[in-house]
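> Sending over a structure as structure tokens; questions will come in a sec.
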Amino acid sequence: MSAHILTVDDSASIRMTTKIALTGAGYQVTEAVDGLDGLNKAKAGRFDLIVTDLNMPNMNGLSMIEALRKSAAHMGVPIIFLTTESDAEMKARAKAAGATGWITKPFDAEQLVKIARKVLGK
Amino acid sequence: MTSLDPIQVFRTEAAELFEQIESGLLDLLNDLSDQDTIDAVFRGLHTLKGSGAMFGFEALAAFTHHCETAFDRVRKGQVPATDELVAAVLDAQDHMKALVSTPQGDHEDASNRLLAALHAAVGGAATTGHVVTPPLPQASAQAAAPASAPAKGQAFHIAFRLPANAMINGTNPLGLLDELRELGECTVKADLSTIPGLGSLEPTDLYIGWSVDLVTEQGRDAIDDVFIFVMDDMDIKVTEVAPVEAKAAEAAPAAKAASPAPEATLQKAEPAKAPGNEPKHGGKQAENVRVPAERLDELMDRVGELVIAQSRLSQLAGSSADLHLRAVSEDVERLSGELRDTMMVLRMVPVGSLFGRFRRLVHDLARETGKVIELETEGETTEVDKTVIERLADPLVHLVRNSIDHGLEPPDERVAAGKDKTGRVILSARQSGGEVIITIKDDGRGINRDRVRAKAESSGLIQPGQMLTDQELLQLIFQPGFSTAAQVTNLSGRGVGMDVVKKTVEALRGVIDVRSENGRGSEISLRIPLTLAIIDGLLVRVGAGSYVIPLSAVEECLELSLEDDLRSRGRSFISLRDNLVPFLRLRELFETGTPPDRYQKMVVISTGDARVGLVVDQIIGDHQTVIKSMSKLHHDVVTFSGATILGDGGVALILDVTHLVAVGQYQEAHLRAAG
């Protein structure tokens, strides 16, 4: 069974790119449009990896990550966040909130898949 | 089909972001300190930049970066939001739109000019002054690390210990070891010395350290890449060793690795609450599925067919004694009704989305004309069929431009007339029965009836001295060819003309009312049916034919007694609660050649203020109707707005209410004139 990945982004184009890249690599992908939606979907389903934007309406990525890490079911699920440039402060805060790693925008499909493989352990 | 071209998706998204940013900026003009709005604008710019860079709109990303930076500083309270800043970003936004539509164009001059303005607006510190191209696509985990590695294998000793919460945070140590193994020949040893006793062991924490001897051809960078996400929080020591000595050198670093597990203080040190609980902003980002409009139309057609099939089923079941069949038929009837309602709701869009664009228009027009204008909108949540919204956009723009350009006076003239110097334009929408009424109202000088008449006479639209009702006179402004060169300014002269406004509204089966008071302002109302595809109708019989009257127009039904009928011969009026209502005998109008039914009925219909009675032979009942448009051959038929298929497969024509009311009113006017 292929890994199931949740992509959380308020930008439809980024979600689509992420989805195309990851489905192309054989993963199953579900989309969520903001942190709140992401949190609800993550709680309702079982995901092997969550790829999330940080700056989103309704609930930002940081809060979503924190909330997820508080639930026992989501301890250990890799969470990768997207960050626009190498913003050290944001990166540190996301890591502190419980993120596993990050990918810097702009990214291409190959980079994303590579990172997904890395945190999923192939 | 959802478009699978990400560039196209990005363009659509950018358009939405522009709308969001723009409405935020305009909101800020009212309240410069509104933190939610500042955040929303920042977020819009941020997403625009990020997505832009993803899809190769580098100039856009670089330019937007500066606006984002400026707003970031406002957000963090480093600089105040000012009118200048908002104006600068509004201007910049037009430029961004250009960067989206023609990314290859030469935009450098404009970019630099706008950035200078932005620069000035935030006190010079926001930007670096010139355009910086964003970093080229490059993953943080440098996928293809420069192959500076030596050609031959190099030996490393790696001792590492991950933070205690690493596994909770999704890092799989075994995965890291696998990655190291992929780099080359590898010996792994676990350091179990720091595992505590069972009593104090946290099952989710990580207590094990590892030491790895690796011979790889890929160099040090590749090792760093393995640990990229945890590098900052972990203990790691990588030493390069000569292959032969690898084993001997093992002991020393291992001691370091055995040091106490790094404290997990970082984990929850800062609860990060400040940006955490962003309030819901305007509910703008509700979950949406984008569906192409033609899909909806297709679905609508199917639902229409279903409704027709269902009414045939009902008819069959009604004449059957089979109770089971009747039960099923009732279920299907209920379900198809619900399906139809859901379908209608799917197509409904709040007019607010349309009104949103006018704020910018008014802002721009105010700057161009030097008039002080306040735009008020009411009833943004009123919902209208999507197609209607799309088709109304241009006519409304024209009407608003017209109000501002011709209606509102310059401030000094207003003050001289004893009015407030701020001119008001009110754009409102409300639902009334099966119609939505959109009104554009201004408190300007009003329509000058003498000038309208003079113009109409000089352009041959009416005969000199021709008798016209006030409404007829005002409606002249919608005649093709009415707008004269003297009247066309660079504002209203653009885009569609008033005649096109009228044509569009009529094509939507709507009507336009004009009211105007000299010196006090004008009001133009568009009354448009809520939906175009399915209506609730009243099925009637006239002669041998069946006809449908849109139920939304029906006020009441009454019996036309033989006496009333005879008494009113020649003067087709009936007294309805002390009001004289003209009526039309459809049997005569349609020339059925049949004698009147013994018990004729009258259906009173209305559009707005005007009423007319329609005399029919029989009222059959209400009927949900899917409107089928008439063939090309019948496009000039005015009495009917369409046709529909009945349960028994027969065809019924749908009466055009607007037209019939107009005929009735005309008849009334003439009879009155004749005394």
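Glycine is no exception: its Cβ is also placed from the backbone N, Cα and C atoms.
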> Do you know which of B:251-288, B:365-402, B:479-516 TrEMBL annotates as region 'Disordered'?
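That would be B:251-288, per the region 'Disordered' entry in TrEMBL.
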> Pull the DSSP breakdown for the domain 'CheW-like' (B:534-666) and write it out as helix, strand, coil residue counts.
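Summed over the domain 'CheW-like' (B:534-666), the classes give 26 helix, 69 strand, 38 coil.
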> Determine the mean pLDDT over the domain 'Histidine kinase' (B:284-532), rounding to the nearest whole number.
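Mean pLDDT across the domain 'Histidine kinase' (B:284-532) comes out at 81.
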> Going by DSSP, how much of the domain 'HPt' (B:1-103) is helix, how much is strand and how much is coil, in residues?
82 helix, 0 strand, 21 coil
> Using a Cβ-Cβ cut-off under 8 angstroms and a sequence gap of six or more, which residues of the chain neighbour B:His46 (phosphohistidine)?
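Set apart from B:His46 (phosphohistidine) by at least 6 residues yet with Cβ under 8 Å, we have B:Glu68.
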